[in-house]
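Remarks on the structure that follows.
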Amino acid sequence: MHATELNTGHGSQRAIRLAPSILSADFARLGEEVCAIEAGGADLVHFDVMDNHYVPNLTIGPLVCEAIRPLVSIPIDVHLMVEPVDALIPLFAKAGANIISFHPEASRHVDRTIGLIRDHGCKAGLVLNPATPLGWLDHTLDQLDLVLLMSVNPGFGGQAFIPGVLDKVRQARARIDRQVDAGGRPVWLEIDGGVKADNIAAIARAGADTFVAGSAVFGAPDADGGYSSILYRLREAATVT
């Protein structure tokens, strides 16, 4: 892992994690692309799964996850934008996912879905769209490993960051910090959508520690085809004091 530490002012250091989204990668060279982001310093591979039902787009499934799993040692962070969600969880766990996140609207029983992810040996995340209230965390935060806040409406890459989500990030960070201060489990706070070098510092200051970036990474390769430079710039910008 390449995560760097961020001084939060909350009495502890908070790691910064970068999770390039392969939705923006060159799919004709996907194996090379995931190897390049790991070599460039990525902490996670973000894997967007869309079903043309929960969101109006269709992407990739467990076979692709299984194909890239032997190529990288960093965790695969699977974001399920599918409905219903439960049937796919065992398939992605078997394919090598380390983290599986889902949208509460896509589950009939959110608590059961979280348990299903954990039962299959993966870390569990809950994804909240820009208009989905943080109230979903009231009875789930103590079971989660990750909260993923969408800063665009899910379905397509390359969208612009919604600035109003920053206040939601601050509120989610406060909830997580209260849980940790009370002796509860730490939870990663991930942001996905429109993350770029010119806004990642503001997002980090609001409290995010894990950053999904698609076109910002894969649209800025080095001359040798790698991604070390852009990942370094993103990490430096996110490491605010």
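Don't overthink the numbers, they just go from 1 along the chain as shown.
Here the Cβ of each residue, glycine as well, is placed from N, Cα and C on the backbone.
Sequence-distant contacts (6 or more apart, same chain, Cβ under 8 Å) of H79 (divalent metal cation binding site) comprise H46, F47, D48, V49, S101, G125, V127, L148, D192, V212. Marked as substrate binding site by Swiss-Prot on the basis of sequence analysis: S21, H79, G155, F156, G157, G158, D192, G193, G194, G214, S215.
Annotation comment: Swiss-Prot describes H46, D48, H79, D192 as divalent metal cation binding site, evidence class sequence analysis. Counting every protein chain shown, 24 other Cβ atoms lie within 10 Å of the Cβ of D48 (divalent metal cation binding site).
Annotated active site, proton acceptor per Swiss-Prot: D48, in sequence order.
Within 10 Å of the C-beta of D192 (substrate binding site) we count 25 further C-beta atoms, all protein chains included. Annotation source Swiss-Prot lists active site, proton donor at D192, citing sequence analysis.
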Reduced DSSP assignment, S215 (substrate binding site): helix
Nonlocal neighbours by CB distance (under 8 Å) for G194 (substrate binding site), same chain, sequence gap 6 or more: S151, V152, Q159, A160, F161, I162
In three-state DSSP terms, the structure that G194 (substrate binding site) belongs to: coil
Around the Cβ of H46 (divalent metal cation binding site), the count of other Cβ atoms that are within 10 Å: 29
Cβ-based isolation winner (fewest other Cβ atoms within 10 Å) among the binding-site residues S21, S215: S215
